Amino acid sequence: MEKTLSIIKPDAVKKGVIGKILDRFESNGLRIAAMKKVQLSKEQAENFYAVHKERPFFKDLVEFMISGPVVVSVLEGEGAVLKNRDLMGATNPKEAKAGTIRADFAESIDANAVHGSDSLENAKIEIDFFFKPNEIC
């Protein structure tokens, strides 16, 4: 069964919509195989988003991701990566389709409520970043 990583970002955690977002996953056939609430350190955020290190938004992204706790989940299901990305909606909530997580809960392209793996290969890397094998069941 396919797995993907989801992060409910600090803006959505602060708004108290964790349960509503998790319900979207479960009611659309994605099973929560692992989950934890964490406060990322600056080093963790920099390492997780290292692929964006040379991009102009990197510093702001890191600062945002350490601004409050996040909820990190492993989602499992048929076509989990693509299904999660469809549920999240476009990166910019103004462009996200109505009924998607970002259209309903995100404030801006920066505070956009959720992160999801963009490929199976990256899902494995991202899952391994946050979870030990025995934490996923």
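Cβ coordinates come from backbone N, Cα and C, glycine included.
Features reported for this protein in Swiss-Prot:
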- Lys9, Phe57, Arg85, Thr91, Arg102, Asn112: ATP binding site (BINDING)
- His115: active site, pros-phosphohistidine intermediate (ACT_SITE)
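Considering only the residues assigned to ATP binding, Lys9, Phe57, Arg85, Thr91, Arg102, Asn112, the longest pairwise Cα distance works out to 21 Å.
If you take the Cα of Phe57 (ATP binding site) and the Cα of His115 (active site, pros-phosphohistidine intermediate), they are about 15 angstrom apart, rounded to a whole number. The 10 Å shell around the Cβ of Asn112 (ATP binding site) contains 23 further Cβ atoms across the protein chains shown. Taking all protein chains in view, 12 other C-beta atoms sit within 10 angstroms of the C-beta of Phe57 (ATP binding site). Looking at Arg102 (ATP binding site) and His115 (active site, pros-phosphohistidine intermediate), their Cα atoms lie 10 Å from each other.
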